[in-house]
Amino acid sequence: MAAFSKYLTARNTSLAGAAFLLLCLLHKRRRALGLHGKKSGKPPLQNNEKEGKKERAVVDKVFLSRLSQILKIMVPRTFCKETGYLLLIAVMLVSRTYCDVWMIQNGTLIESGIIGRSSKDFKRYLFNFIAAMPLISLVNNFLKYGLNELKLCFRVRLTRYLYEEYLQAFTYYKMGNLDNRIANPDQLLTQDVEKFCNSVVDLYSNLSKPFLDIVLYIFKLTSAIGAQGPASMMAYLLVSGLFLTRLRRPIGKMTIMEQKYEGEYRYVNSRLITNSEEIAFYNGNKREKQTIHSVFRKLVEHLHNFIFFRFSMGFIDSIIAKYVATVVGYLVVSRPFLDLAHPRHLHSTHSELLEDYYQSGRMLLRMSQALGRIVLAGREMTRLAGFTARITELMQVLKDLNHGRYERTMVSQQEKGIEGAQASPLVPGAGEIINTDNIIKFDHVPLATPNGDILIQDLSFEVRSGANVLICGPNGCGKSSLFRVLGELWPLFGGRLTKPERGKLFYVPQRPYMTLGTLRDQVIYPDGKEDQKKRGISDQVLKEYLDNVQLGHILEREGGWDSVQDWMDVLSGGEKQRMAMARLFYHKPQFAILDECTSAVSVDVEDYIYSHCRKVGITLFTVSHRKSLWKHHEYYLHMDGRGNYEFKKITEDTVEFGS
């Protein structure tokens, strides 16, 4: 007890009290964060995500399995560029460890020469250090080079894999419209991928170097002070590591929430840019400012909590992984020196004792620092678990969507009050799609939205090539829904749909999409220049397509086919619609869906375009309210918005409606 009481000084008691108080605060903060997460509910911009399916973000077997799955993507083969960089980093880490040991030994000899007043020894070892500086510097910078290149290689591999899945068929559309598990995929595909790759490589370096140091220093120290010293340090590493890992568990979850809030903040800013004109007309800047400030405030509050948590953990990490580890190191290294009966130093001179202490002490200090870095690496590993959970969730959703599986909260037909609703729930993909040329036939197909809201219970009609169809009805009646089912963007919930393959259907929206690229790219999209050559279509033929829609003058005005502009801004609304029709003439599909695509075009130009479509054999499904277009169609499909429809042939007795 007396031996213990000498440590109960006022200073030590204060430090222990501060550490205990901080642990209590940290525990209280963790509980508060958990309660806040339960009470606050779901974020307003991501309220589709199911609480029961949130990904875990802790360091466990699940994390290691996920990490292994992603590493197989980033390092696909035994012999590849990434393996080469991993090997380079490993060699540089070993070289750096040996450089550290050599610098300790050489530095001790320099100091020994100074203390022993030996000018010869001092100059010799100092010259050795000067001669080794270029090599040591080269090793350090080769290590940095390898780490940076490996981060980039990992990012390239993972990004290409994810975009290969994301841009396969209509997956990018389905993720935003048919599945509600992932919010803000742009955040995941860009920032999260970069941070994940950086974190993986940093962890590889921050774990490999300390392990190498420990192995080498244990070998050196065991021969110098015995095996008991290194064994004591390893035992301390195990105990402190388990304790700190337990305290760090919230970091993974907090990392996931940070990235979600960052994604929300990025999303509301992109909405402001995309819809700036509409917002300006409504004078909605104050409302948008409130929205942005609200989302930003939520992000800032979370970051404040995260910063405080990291401050608390940093305080405890510093004490346990650095300073207490140093104290343990001093206790271990001092034993053979303070034990006067120790056989190692019975006949050692003062100079030999000093040199031995410096070498052993510095090695043990470096070993304790290496142990501390391994303990602190647990913090990085917990943060990596957060990124790993998000990337793995994205990969799983992409895989599901590419196999036709998606998850979305279904709206019950009883709640919607639709008469004649099916007793059994709708099953996505339950219908049959048959690919046949020159015909579109809906055979007892329920027209429903992805969340199960039935627009038409049983839709049946048949159209063959050459018979144009005019589709009309109030907003929300199902006109666009019909096209989405026809284009296979939405699942078929039942019945049989007979139609040509996707490439033989073409959709022209009211607001045409202008791609990034040249004037030629606007006409041939989504084809490229090589595809144009394969089709055997010359630039002169492209010029004829522009002339057909009265856009021939644009070729000279914009500086030729290879002119690059921001075409969404350069072209007017009418020019963009006519450009989309020129694009239609280039592709010459069997069927074309025209969704109010000539609303900004004059009647005479519109009349010529429809006549030309008939001339080149393109059958049209047209959504329009213009009476002038009835003469170009043989049938009309009218939807009343209450679940009823009428499909009839247009005759002289048909009452035309529209403007």
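Glycine is treated like the rest: Cβ placed from N, Cα and C.
Taken as a whole, the region 'Interaction with PEX19' (1-61) shows an average pLDDT of 49 in this prediction. Among the features that Swiss-Prot reports, region 'Interaction with PEX19' is placed at 1-61.
Swiss-Prot lists Lys61 (among others) with the feature N6-acetyllysine, giving a large-scale study or a structure entry as the kind of evidence. Of all the Cβ atoms in the protein chains shown, 7 others lie within 10 Å of the Cβ of Lys61 (N6-acetyllysine). Classification of Lys61 (N6-acetyllysine) by DSSP places it within a helix.
Annotated domain 'ABC transmembrane type-1' per Swiss-Prot: 85-372, in sequence order, evidence recorded as sequence analysis.
Lys260 (N6-acetyllysine) falls within a helical segment according to DSSP. For Lys260 (among others), the entry in Swiss-Prot reads N6-acetyllysine, with the evidence type a large-scale study or a structure entry.
Within the same chain, residues at least six positions away from Lys399 (N6-acetyllysine) with a Cβ under 8 Å of its Cβ are Glu165. Here Swiss-Prot flags Lys399 (among others) as N6-acetyllysine.
Look at Swiss-Prot and you will find Ser424 (among others) tagged as phosphoserine, backed by a large-scale study or a structure entry.
If you look up Swiss-Prot, you'll see 434-659 marked as domain 'ABC transporter', on the strength of sequence analysis.
The annotation ATP binding site is assigned in Swiss-Prot to Gly473, Pro474, Asn475, Gly476, Cys477, Gly478, Lys479, Ser480. Counting only same-chain residues six or more apart in sequence, the Cβ atoms lying under 8 angstroms from the Cβ of Pro474 (ATP binding site) belong to Met639, Asp640, Gly641.
Residues annotated as N6-acetyllysine in Swiss-Prot, with a large-scale study or a structure entry given as evidence: Lys533 (among others). Around the Cβ of Lys533 (N6-acetyllysine), the same chain contributes no residue under 8 angstroms that is 6 or more positions distant in sequence.
The phosphoserine annotation in Swiss-Prot covers Ser659 (among others), and the record cites a large-scale study or a structure entry as its basis.
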**OP:** List the Cα distance (Å, whole number) between Gly478 (ATP binding site) and Lys260 (N6-acetyllysine).
**Re:** 34
**OP:** Would you find the one among the binding-site residues Gly473, Gly476, Gly478 whose Cβ has the most company, meaning other Cβ atoms within 10 Å?
**Re:** Gly478
**OP:** Between the Cα atoms of Gly473 (ATP binding site) and Lys260 (N6-acetyllysine), find the distance and write it as a whole number of Å.
**Re:** 40
**OP:** Using C-alpha atoms only, work out the spacing between Cys477 (ATP binding site) and Lys61 (N6-acetyllysine) and round it to an integer in Å.
**Re:** 51
Original post:
Is Lys399 (N6-acetyllysine) helix, strand or coil when read with DSSP?
Top reply: helix
Original post:
Cα distance, Lys260 (N6-acetyllysine) to Ser480 (ATP binding site), nearest Å?
Top reply: 32
Original post:
Here the binding-site residues are Asn475, Ser480; which one has the lowest number of other Cβ atoms no more than 10 Å from its Cβ?
Top reply: Asn475
